[in-house]
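Undergrad: One structure, as C-alpha cells, below. Some questions next.
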Number of protein chains: 2
Amino acid sequence: MINLAEDQKIWVPWMRRSIQLALLAEGRTSPNPLVGSIVLDSNGRLVGEGFHSGAGNPHAEIEALAQAGKKALDGTIVVTLEPCCHQGLTPPCTEAIIRAGLKKVVVGMVDPDPRVSGNGISRLKDSGLEVIEGVLSQECESINREFSFRVRHGRPWGILKWAMSLDGKIGLPNGCSKWITDIPARHSVHRIRSKCDAVIVGGGTVRADNPLLTSREKLDFEPLRVVFSKTLNLPQSAKLWDTKIARTIIAYGPEGDESFFSDLPNGPEKLRLNSNNPSELLSSLAKKGCNKILWECGPQLATSAIEANCVQELVVFVAPKLLGGMSSMSPLNNFGFESISSSYKLQHSFLDRKGEDICWRLIF
Amino acid sequence: MINLAEDQKIWVPWMRRSIQLALLAEGRTSPNPLVGSIVLDSNGRLVGEGFHSGAGNPHAEIEALAQAGKKALDGTIVVTLEPCCHQGLTPPCTEAIIRAGLKKVVVGMVDPDPRVSGNGISRLKDSGLEVIEGVLSQECESINREFSFRVRHGRPWGILKWAMSLDGKIGLPNGCSKWITDIPARHSVHRIRSKCDAVIVGGGTVRADNPLLTSREKLDFEPLRVVFSKTLNLPQSAKLWDTKIARTIIAYGPEGDESFFSDLPNGPEKLRLNSNNPSELLSSLAKKGCNKILWECGPQLATSAIEANCVQELVVFVAPKLLGGMSSMSPLNNFGFESISSSYKLQHSFLDRKGEDICWRLIF
C-alpha cells in the first residue's frame, strides 16, 4: 500500500476480493496458478465473480465474465494475474475480455510464464482497453510463490521438513525415532503434505520407516509419492507399493539396478534419470505438473537437496525432549563449512507451538 | 483466583502490591528469598511499605513497620512470605509484629525454611492475632521458586543453557562455534547470568573458549564464576583467572592434580570435593549462598548435570543457520535411552524470538 497511486487505491478492495476467490482453489490448481477475478458493470456494481478451479477448467476471467453476461459491457474486470494471450488447454482470456466489450482491466501481477509475461497486457492495450497494473502486486505474487518459482526456475518450490528433539536429534543412537513429536505436530505434517504436489523420500527411509506419506484425508486427492533410490535395492513389501490411495513413482539414477524391479509389484511408476542430482528429479517433477514438493527424507538426501538448491523452505519441528547421543541421527550431513559465517543462513517466516512441540518455518 | 474465599479477595490488591515491592530486589537477596510487605492502619489506609533488599539488611516487615510507626496500631500487615520466628542475621519478625500492636496478618505463602515452616504463623495466632493465609500463594511461590528449591533440596535451582543451529549443532566439525547466535540472543544470556548466583563451566570450556562469563554490567555485582575441573589441567592464562571483575572458584574432585595450582595465579579460590558428581558441587554452592546457578558447559558436563538432577530448567537458543556434520558438536552425550518414551520430556515455559534467533525455556 506504500506509494500506491490514487487511481489504484479504489481497486484495492476489489483486488482483495479477487485474491479471496483465488484462494478457494488452494492446493488444487497445479501446474496452473491460483487466479481470482471480479467484473463490475459500467456503474461500478459487482456483476460477476470467478476463480480458476484446476487445470483444464475455465480460467477465472471466463468464470467471472460468464456470470456477468451482457452486464459486462463498458465495465471493468479485476484479475489477480495478467490474462493469458495464448491457446493453452483453454482459449486465450484476452480475446474473451475484448469480446465482452469491457473498458478497463485491473491486473495484480504480470504472468511470469514467458508465453504471456506482458504480452497479455499489450494485447489488451492495443485493443483500446485501459489497463491498470500492479494493484496489490505483492499479495498476488505471494499466493503464487510456488507457481512463479517453478515457471522461473524449471523446478518446483522445495520444502524440507524434519522433526527433532531439543538437543537436535532425529532419532536415538539405536535408530528409534517414533515418535519424537506429538500428535498435533504430526497432523500439521499431514496438512503440509496436502498442500504439496509431491512428497519425496530416499530408499533408506522406505527401508527404515516404511512410511505411508499421505495427507490422511486432509485433501480430496493425495500428493504424488516419490521414492528417490540410487541402488533400487528396495524392500519387496512396502506401504508405498500400494497405489490405490495415491500414486507412487520410483525414481533412480544410472547406478540403479533395474533387475530389482522383478521383485516389486507393478503399481509404482518408474522414472529413470541421467544422474543422482536432486535437481534432475525436480525438473522431471516440474514437467509432471508439480509446483511444490516436500522432502521428507533422511540426512543424506536432505543434504544433497540443499546443496543442489532444491530446498527453498525449511519446516523444523522441535519436541521438548532430550534424546542424547553425540554420534548419530542428526538432521543433516557435513557441508564442509570452515566457519560459522559461511554456513547457510535462513530467514524467519513463521514460529508457532503445535501442542507440546514448536514449529519453525524459514526461507532459504 | 479460583475458589478464593470471600475474606481473601479484599487482600488480593495489597498482596499484589507486596509482590511488586518484593521484586524490586530481584537477583540481590540470595541466599534469602524475595519478600515484600505493606501495613494498613486500623481504617485500612496504607501507612507503610517495605521489601527485603539483601541478606543482613532488615526484612520486609521491619521496613514496612518502621515506615508505619505508631499508625500500625490495630492495623494489618500484608506480607508475601510467612514472617520468621527465629533469630537469623536479624531478629524474628513475629516479635516486631506483636510489639507493633497489629490485629491482623495476611500471608502469601508458608516459609519452606524448616526453622519457620508454620511456626511463624502459630506464634502470631498464639499471640491473639488473626492470620489470613494463602492469598495469591501461587504468585508468591513463583517469585521464590529458586529459594524454595534450594531450601527443600539443599542445592540451587540449576539452569542449563546452550545455543545451537537449526540442525542441532553447537559447533562445526572443525570445532568453530563463534558465533552461532546473534547479538540480541547473546545479550539475553548476559541478562540470564545477571539473575544467577553462579555460572559453571567445565575445564574443557576454559581450554576451548576462554570465556569471561560476566553479565556485561547488567548487574551491580557479578555472579560467581565456577570452573569444575576433573584433572586441574587448566591453561595458565585465562580470562577467568582475573578476579577483579568477579570472583572465580576452581572446584575439583579427588582426581584433581593440585600440583597444577603452582602454574595458576592466586586470584581464584580453590574448592576440593569428594567426588566428580555435580550434585556435590551444587551442595557446596548452596552452602555458599547460591539459590540459582547457570550451567554454561560443554556436552559432557551438561549430560552429567542432567543425570545428577542438577538441571531444573533449560534455555535453548536456536539460530536460523545450518551447520551440518553428523558426528560432532551436539549439545549432549548419550544417555543410553532405548526408546523415545524413556527420554527426558520437558514442560514448555516460554518461547520467544530474540532478534533472528529463537529462545525456548523449559522446565524439567
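Note that Cβ sites are derived from N, Cα and C of the backbone, with glycine treated the same way.
What you see is a predicted model, and the numbers here were worked out from it, not measured in a lab.
The feature domain 'CMP/dCMP-type deaminase' is assigned by TrEMBL to B:9-132. Sequence annotations record features per position, and here TrEMBL assigns Zn(2+) binding site to B:His59, B:Cys84, B:Cys93. Taken from TrEMBL, the feature active site, proton donor covers B:Glu61. Annotated NADP(+) binding site per TrEMBL: B:Ala163, B:Trp179, B:Thr205, B:Asp209, B:Gly298, B:Pro299, B:Gln300, B:Leu301, B:Ala302, B:Thr303, B:Ser304, in sequence order. Per TrEMBL, substrate binding site is recorded for B:Ser177, B:Arg193, B:Leu213, B:Arg216, B:Glu296.
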Undergrad: Filter the recorded positions B:Glu61, B:Cys84, B:Ser177, B:Arg193 down to the ones with a Cβ under 8 Å from chain A's Cβ atoms, keeping sequence order.
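TA: Listed recorded positions passing the 8 Å Cβ cut to A: B:Ser177.
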Undergrad: Just checking the binding-site residues B:His59, B:Cys93, B:Thr205, B:Ala302: which sit within 10 A of B:Glu296 (substrate binding site), CA to CA?
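TA: Taking B:His59, B:Cys93, B:Thr205, B:Ala302 one by one, the ones whose Cα falls within 10 Å of B:Glu296 (substrate binding site) are B:Thr205, B:Ala302.
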Undergrad: Among B:Ala163, B:Trp179, B:Thr205, B:Asp209, B:Gly298, B:Pro299, B:Gln300, B:Leu301, B:Ala302, B:Thr303, B:Ser304, which the record lists as binding NADP(+), how far apart in Å are the two most distant Cα atoms?
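TA: Roughly 25 Å, rounded to the nearest whole number.
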Undergrad: Using Cα coordinates, what distance in whole Å links B:Gly298 (NADP(+) binding site) and B:Arg216 (substrate binding site)?
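TA: That comes out at 21 Å between the alpha carbons.
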Undergrad: Can you give me the Cα-Cα distance between B:Ser304 (NADP(+) binding site) and B:Leu213 (substrate binding site) in Å, rounded to a whole number?
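TA: Distance between the two Cα atoms comes out at 21 Å.
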Undergrad: Return the residues near B:Thr205 (NADP(+) binding site) by Cβ distance under 8 Å, restricted to its own chain and a separation of at least 6 in sequence.
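TA: Those within reach of B:Thr205 (NADP(+) binding site), by Cβ under 8 Å and sequence separation of 6 or more, are B:Pro211, B:Glu296, B:Cys297, B:Gly298.
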Undergrad: Please report the three-state DSSP label of B:Glu61 (active site, proton donor).
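TA: B:Glu61 (active site, proton donor) sits in a helix per DSSP.
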Undergrad: Between B:Ala302 (NADP(+) binding site) and B:Leu213 (substrate binding site), find the distance joining the two CA atoms and give it rounded to the nearest Å.
TA: 17
Undergrad: Other residues with Cβ within 8 Å of the Cβ centroid of B:His59, B:Cys84, B:Cys93 at the Zn(2+) site?
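TA: Checked against the 8 Å cutoff, the neighbours are B:Val35, B:Ala60, B:Glu61, B:Ile62, B:Pro83, B:Gly88, B:Thr90, B:Pro92, B:Thr94, B:Ala96, B:Gly120.
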Undergrad: Below 8 Å Cβ to Cβ and six or more residues apart, same chain only. Which residues does that give for B:Arg216 (substrate binding site)?
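TA: Non-local contacts for B:Arg216 (substrate binding site): B:His187, B:His190.
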Undergrad: May I ask you to report the DSSP-based helix, strand or coil state of B:Gln300 (NADP(+) binding site)?
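TA: Note: B:Gln300 (NADP(+) binding site) is helical by DSSP.
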Undergrad: Among B:His59, B:Arg193, all listed as binding-site residues, which has the most CB atoms within 10 Å of its CB?
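TA: In terms of Cβ crowding, the pick is B:His59.
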Undergrad: Quick one: of the binding-site residues B:His59, B:Cys93, B:Ser177, B:Leu213, which has its CA closest to the CA of B:Ala163 (NADP(+) binding site)?
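TA: Nearest in space to B:Ala163 (NADP(+) binding site), counting only the binding-site residues, is B:Ser177.
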